[in-house]
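Have a look at the structure below, then the notes.
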Amino acid sequence: MKYSTIFSAAAAVFAGSAAAVGVSGSAEGFAEGVTGGGDATPVYPDTIDELVSYLGDDEARVIVLTKTFDFTDSEGTTTGTGCAPWGTASACQVAIDQDDWCENYEPDAPSVSVEYYNAGVLGITVTSNKSLIGEGSSGAIKGKGLRIVSGAENIIIQNIAVTDINPKYVWGGDAITLDDCDLVWIDHVTTARIGRQHYVLGTSADNRVSLTNNYIDGVSDYSATCDGYHYWGIYLDGDADLVTMKGNYIYHTSGRSPKVQDNTLLHCVNNYFYDISGHAFEIGEGGYVLAEGNVFQNVDTVLETYEGAAFTVPSTTAGEVCSTYLGRDCVINGFGCSGTFSEDSTSFLSDFEGKNIASASAYTSVASRVVANAGQGNL
């Protein structure tokens, strides 16, 4: 009886601990309603092979990372000839000649020798109905990114870090890739030292996506601007994409933070853009951006290319138009030692009607809140 009682008590403690593991909070914005792996029993991968298997199988899963999974040298290296479109100084990124990119797009760039890790070039496939969460500040994937593609849906990634993917090499790999997917919530994720894009949404529809409370850390020894500021931040290049960006910390970048085009509707709200040496936004043809309640601090150029449409709430009075489409007024953005933008296109705001819309708070409280809460370990 005594042993039975002890066993029962231990089992109860374990069950309570397991029940406590799961996603924190719920998605806001376009991906509202995503459930990921739901109430599936959590699994704890121990090896990189186990992690790849769990992420790519057909089961609904809650996958908990308790350590760093280092893929860096897991697939060997490739040596070859690339090119140096941005110069040959030690702080400049160089390009892998992927699909003859150097010949086709940079034929005048000097040739250089390259040696990169194969694991970084293509991310781990994440299939439908998955929650990938980190425990505390310890869950990380190093040397390889994540790919949510080919019809995958209902996925949550929360409280992890994705880092160190061939940082010297353009075309060396992306941190998080979405293409042809739906209902994806990425929250409290830190990305750092990435070869190409921290986030890239490809040319197929990515439907409902929420990127919230993430830390895009652009500090790097190598960059396309040769100044330690990473150029390739966030690239939203989809087809009928709906993207919410809220509460993110975009730091120390020099461009594409974000680049938006090709029939993408972006709601960019309450983000903190800090120390950007080049430009934050590029809005290409087919990019539709509502930007409200954001803070731009030490951003040289807030908007560079402008070929799409944007409403950036140029005044409090102007923000009243949003009540017709969002059910509330939009709030103005804040700027400090920074360029500004004051785009006033409202023709696309009707596209927000009937959709799940993130709330917005005044920009005055955004910077301190985002710095304290964004990224891994800040749930």
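From the backbone N, Cα and C atoms, a Cβ is placed for every residue, glycine too.
Matching Swiss-Prot disulfide entries to the candidates Cys226, Cys268, Cys322 identifies the partner of Cys92 as Cys226. For the pair Cys92 (disulfide bond) and Cys83 (disulfide bond), the C-alpha distance works out to 11 angstrom.
Here the candidates are the recorded positions Cys226, Arg256, Cys330, Ser368. The one whose C-alpha lies nearest to that of Thr88 (O-linked glycosylation site) is Cys226. For the pair Ser368 (O-linked glycosylation site) and Asn129 (N-linked glycosylation site), the Cα-Cα distance reads 34 Å.
When the Cα atoms are compared, Cys330 (disulfide bond) and Asn129 (N-linked glycosylation site) turn out to be 34 Å apart. Within 10 Å of Cys83 (disulfide bond), judged by CA to CA distance, lies none of the recorded positions Asn129, Cys226, Arg256. Remark: Arg256 (active site) has Gln197, Tyr231, Trp232, Gly233, Ile234, Tyr235, Glu282 as non-local neighbours, by Cβ distance under 8 Å and separation of at least 6 in sequence. DSSP assigns Ser368 (O-linked glycosylation site) to a helical segment in the three-state reduction.
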